[in-house]
Amino acid sequence: MNGSDSLAQLFHLQDKDLELDRIKEEEDRIPEELVVARKRWVALQDELEGLQDRLQESRLEYSRNDLQHKDLTAKRSRAQESQRNAQSAREQTQYENVIQQFKGLIEELEEAMLPLLDEIERLEGEVARVKAELEAERPRLEELEAANEARIAKLEATYQEKLTERNQIAAGIPATLVREYESIRKARKGTGVAKMLRGGSVYRCGACNVQLPMHVAQQVIQSGKVVRCPACGRILWKGE
């Protein structure tokens, strides 16, 4: 295979590589319906987590208040018992003052606990609502995920088939030329070889569209050697 034939095959190889790139891009392109469903699922999970955290905090606060309420109630009962056993009016008065203090503290706690109970009940309802919404969303999300996995699997099968074809083409091109092309392609985001375009007496690089010096164009046309665009560095091919 002469140099011109090698460059023609190299251009054909690049077509295969670009086709493989498009397949990979398609694999990574998530269907819009799945994107929306995933966002909805994550939003509901975040909402549920926030509600559960708030519910836990409210329950803990209620438990602390309930323990304190029980402690104060027990102390008030003991003070009442002591008042009944008091030996003098003075002692009874002292215990009465203590009992009234406990009563005030208990009433304050009860005033704080009632709104907490309402909040706990409300949060429990919200948690139940979001859980129900998640369960309602689950079948559709699973269906979309399964369809996406099937889509990717089909694309991957096509990719492997095209990759085999690509490697067969590459095997017929000098390895040094393939390596040079691959290095340029990697640096130039997809294209390592460009067709030289002619417009009248002017020649341009088909990749970067820069006008080529005449001596460069003549080298591309006449020689079978590798000539690179002086502007973008891609390998130039004269075309069919």
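Counting begins at 1 with the first residue displayed.
Cβ coordinates are placed from backbone N, Cα and C, and glycine is handled just like the others.
What TrEMBL says about a protein is an automatic prediction, not a curated fact.
Here's what TrEMBL has on this protein:
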- 66-81: compositional bias 'Basic and acidic residues' (COMPBIAS)
- 82-92: compositional bias 'Polar residues' (COMPBIAS)
- 13-187: domain 'CT398-like coiled coil hairpin' (DOMAIN)
- 204-236: domain 'C4-type zinc ribbon' (DOMAIN)
- 66-92: region 'Disordered' (REGION)
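The helix, strand and coil residue counts that DSSP assigns across the compositional bias 'Polar residues' (82-92) are 7 helix, 0 strand, 4 coil. Sorting the compositional bias 'Basic and acidic residues' (66-81) by DSSP state (H, G, I as helix; E, B as strand; all else coil) yields 16 helix, 0 strand, 0 coil. With helix defined as DSSP H, G or I and strand as E or B, the domain 'C4-type zinc ribbon' (204-236) counts 9 helix, 6 strand, 18 coil.
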